[in-house]
Amino acid sequence: MSVRLGIVMDPIARINFKKDSSLAMLLAAQARGWSLFYMEQQDLYQKAGVARGRMRPLKVFNDASRWFELEAESDQPLHELDVILMRKDPPFDNEFVYSTYLLEQAERAGALVVNRPQSLRDCNEKFFATQFTQCTPPTMVSRRSDILREFAAEHRDIILKPLDGMGGSSIFRHREGDPNLSVILETLTQHGSQQIMAQRYLPEIKDGDKRILMIDGEPVPYCLARIPAQGETRGNLAAGGRGVAQPLSERDRWIAAEVGPHLRERGLLFVGLDVIGDYLTEINVTSPTCIREIDQAFDTRIGDKLMDAIAAQLAAR
């Protein structure tokens, strides 16, 4: 099967070779003989109603000293690619939204876009999880300090975080009696002008914030537990957490079964569920990571499984 695969990502020269999931995907695609084409967000544009890209043929290598090679740039309609991986990291800003508009045009013209552009817009990574109340801890979203204070008083120990953060940035823990609630709320809500999320604190975070990877609605059988550094409440690797790969628990599988059909329905082919203890806390749809860490521990070949799912979708068209 001859496949032309494009990727939209952050600069490939600056990725973390050991941990980058996009590189794992590209290596798996190239191993199948698929042709790779590299783009950054700035390379997408529209002309005469056609979404186009300034793209460069790409080769990738499993070599920490030289992991990519780019050829000369060409200008092509995006729909001439069979599949496009949208792997641009947050922030989820206007430029990200505009990129989804362009990718959606390519999708309408025949390209498979992973993940579906409309769902990237619709499924905020924190807010989307609130659709699954059977899986989540007590949670609320508000920008009013009085409503948030009521939640804090009810649960006594809570986490407060922005709806658009990543990597554990701007996450605060508030405990009953802490005098800093006012400044936390002012900072996160920007003085009542921005919605934020509050969740009951889960002490199970000490055992790790688990990243469960989902491929076409089905879980990879192993996850990465991201264990907080000493004195931290955030397990994110970007915040200094330590990753430990482990098999899924029965509760993890139950959560995946609750969420999976909705992901498949929305064209969310590759997703990361964040689970603390028995509770779903976030659903990461934009650029989920942790492929390489899990692969290294259990030889799961997650990139291959994702390419299998993509090939199946292309064959079904």
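Here the Cβ of each residue, glycine as well, is placed from N, Cα and C on the backbone.
The number of other Cβ atoms within 10 Å of the Cβ belonging to ARG200 (ATP binding site), over all protein chains shown, comes to 17. The annotation ATP binding site is assigned in Swiss-Prot to 152-208 on the grounds of sequence analysis.
Look at Swiss-Prot and you will find GLU282, ASN284 tagged as Mg(2+) binding site. Secondary structure at GLU282 (Mg(2+) binding site), taken from DSSP and collapsed to helix, strand or coil, is strand. A simple way to gauge crowding: the CB of GLU282 (Mg(2+) binding site) has 23 other CB atoms within 10 angstroms, across all the protein chains here.
Swiss-Prot lists 126-311 with the feature domain 'ATP-grasp', giving sequence analysis as the kind of evidence. Within the model, the domain 'ATP-grasp' (126-311) carries an average pLDDT of 94.
The binding-site residues examined here are GLY168, GLY192, GLY208; by Cβ neighbour count within 10 Å, the least packed of them is GLY192.
Around the Cβ of LEU160 (ATP binding site), a 10 Å sphere holds 23 further Cβ atoms from the protein chains shown.
Cβ neighbour count for ILE184 (ATP binding site): 19 (other Cβ atoms within 10 Å of its Cβ, all protein chains included).
In this view, ALA152 (ATP binding site) is surrounded by 21 other Cβ atoms within 10 Å of its Cβ, with every protein chain counted. In this structure, the binding-site residues GLU176, ASN284 were compared by how many other Cβ atoms lie within 10 Å of their Cβ, and the smallest count belongs to GLU176.
According to its DSSP assignment, LEU160 (ATP binding site) is in a strand.
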